[in-house]
Amino acid sequence: MTNILKILLIEDDMIEIMKLNRTVSSLKLNHKIIEANNGEDALKILEKKEDLPDIILLDLNMPKINGIEFLSILKKDEVLKYIPTIILTTSSNQKDLLECYKIGIAGYVLKPLKYEEYVSKIEKLLAYWSINELKKI
Amino acid sequence: MSQEKIDILQRALDREKAARKQAESILEQKAAQLYETNQRLEKSYSELEMLLTKKDSQLQGVFENIVDAYLIMDLFGNILKMNDAALRLFGFENDKVDFNLMKMVSPNDYERVANSFKELLNDGVLTNFEIKITTNDNIEKLIHINASIIYDNGIAVAAQGIIRDITKNKEAEEKLIESENRLATLILNLDSGVVLEDENRKIILTNKKFTELFNIDASPTELIGMDCKEASEQNSVLFKNPDAFLSRMREIEHKKQTVLADELEMIDGKVLERNYMPIVIDQQSKGFLWTFKDITTNISYERTLKAEKQKYYNIISNINLGLLELDLDDKILMVNKSFAAMTGYSEKELIGVKGKELLPINDDRELMAEQAKNRKKGRTDSYELRINNKKGELRHWLISGAPNYDLEGKIIGSIGVNLDITEFKNLEIQKESLLKELEKSNNDLQEYAHIVSHDLKSPLRSINALFSWLKEDNASKLDGVSIQTIDLIEKTLEKMDQLITDILDYSSVGSDDGEKIEIHTNDLLIDLVKVLYIPEHISVEIASTLPIIFGHKTKLQQLFQNLISNSVKFIDKEKGIINIAAEDQGEYYQFSVHDNGMGIEKQFHDKIFKVFHSLKKSKDSSGIGLSIVQKIVELHQGKIWLESEPGIGTTFFFTLKK
């Protein structure tokens, strides 16, 4: 049996948000997507401890608080640090990748150029996390 | 006969009678006197006899007790008597011998002995007769004889003599003569001119060198007795300053005190050293000794030495290195101009000061103390030191210190050579900071490239998604041409994305990707060929002898990948072959990647390595691949070039440092 996931997508690019939403709906998945345009918004959302997401998809290049900073804040939080966070980015910068794994991430997925490939990657990603046991709130 | 006549005769008779009577009484008187004299004579004779006996026994005592050998012989040379000293001298055991002295004389001397014996007989004495004898106990001796004849009633009856053994004396005398001769020869041939003069300035002794020095055309012996005063007045013309020569000589002669090392310059350029010494033995003046020595060469040697010294002194004082000499307490003994200039202190301010307390900055004092300790142990070292000059400015010095030894090899201090390296040091510091800055700016650039690439790629992804949705949402409405257009847009996006990826790769080649490691290029290529897309009509042959090199693994992978891909791309034959080989070239390994592709015309050989320069416009050629290859080769201190024949194939060569 697969879980229905509550996904927090932190992404400043409107089209990227559309891409994920469209992918989830086209795959006919029942996962719930919560959108945050930047780190600050995301932290506000995460303040509600009773309604935390199951996983977080995080873009690295964002205004204000960037992805890595956000990740650091998250991992320092006694509650939030248990939420698996997957990086979703176009940057293949090794330095970023190493830094992210060091702080603590659950995955690092590169956004492919082609939308079809994107759909395929997201499908696998969500399939994987929907069979994982996650922390109960 | 007449009375008268009788009377006359009577009277004459009487007179005759009276005269006889008187004569008789005189005779009687005389006889008594004679008797008396006779008595007296007899008495004195006995007295004399007594005296003689006394004298004889005295003589006998003398004879026996005489220290020198004493001997009496008859006139034929037979020994009559001798004392103990003579026994010893002649080698007899006792004097009861019957021996003729001539036996002791060598036959060669017979004539001489005979002559002197004649002399002895004639004169009664013989003095200072010397002769060699062979004694009774067979020892050769040289003896000295004083002899006299013994007479009996005016007739020579025997000879007596005092004999002395002068063998040793003679030897000593000979030695003395020999050493005197030696001394004379020595003086004669002495390297110094010598003149010994008496109180009246007459020459007692001089030598050859003296005549040479003063160009005197006479032998040293001919000069004996000559007046020095006159001679020196004549000789004064030989000197540069004759008056000074004479006045000084008079002064010396007047004072009669030892004078040493006066220098006299002669007109021929010679320089003489003059010494004057009164010779006094047992408080008696034995004359005055003048010695003259030609010191021209010494002087010129000394002058050369002085000039050399001055030269080195000039070098030392003007050299651009600070030099200083320290004693064992590290007090400054000497500094050169440069050292003073380097410190800003004057020479006066530095001498006697402990350099280590004056100059180094606080942080470096310990370092300097340590170095000073090492120097005293005889170690030489150089090190950097920071000092404050008089103005308080910080200067960097490079110091090289070495122990200073005296002639016996004892450490007496140290010598320091100091170079102000502040400028270099500043450059070094500047270089370091520049390097840091460069590294930072490189990193910044790297970051920037990533950000730019991200920012450029993101819109491409969006465009791709949007077109894909457009196609999807309007699948039924779009005609073939529109769909084809959208496909072209998508292909262009792909190309653009690849371009951005390549640019990012190219800019990343120089970035530090960890340490160089040992890489088995053979294994690396086998693995690479497995993952690369190689069309079926192309075979890749890898030589089994590829070396192990030291390098960055991912970069070398990229290098081979780009070259192989490049070859694959340009193979236009039905059956493609790619050959990879390598050979050892000493310091380098030379690799070659050969293909049987379309080849590259000579004029493009250089251009193909330039960024964005692609010979063949194709969707999968950005023109960056070979630029990356070149950059990687250069990163491994190698070179890359190619040989190619259009239509036949291309070989890329590159070297990698071992």
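Cβ coordinates come from backbone N, Cα and C, glycine included.
Averaged across the coiled coil (B:6-58), pLDDT for the predicted model comes to 83. Taken from TrEMBL, the feature coiled coil covers B:6-58 (among others).
As annotated by TrEMBL, domain 'PAS' applies to B:55-124 (among others). In the domain 'PAS' (B:55-124), the DSSP tally of helix, strand and coil residues is 39 helix, 13 strand, 18 coil.
Annotation source TrEMBL lists domain 'PAC' at B:127-178 (among others).
Beyond its flanks by at least six residues, the domain 'PAS' (B:308-352) meets 358-359, 372, 376, 387, 389-391, 393, 395, 397, 404, 411-420 of its own chain at Cβ-Cβ distances under 8 Å. Feature annotation from TrEMBL assigns domain 'PAS' to B:308-352 (among others).
As annotated by TrEMBL, domain 'PAC' applies to B:381-433 (among others). With DSSP states grouped into helix (H, G, I), strand (E, B) and coil, the domain 'PAC' (B:381-433) comes out at 12 helix, 30 strand, 11 coil.
Among the features that TrEMBL reports, coiled coil is placed at B:424-451 (among others).
The domain 'Histidine kinase' annotation in TrEMBL covers B:451-658.
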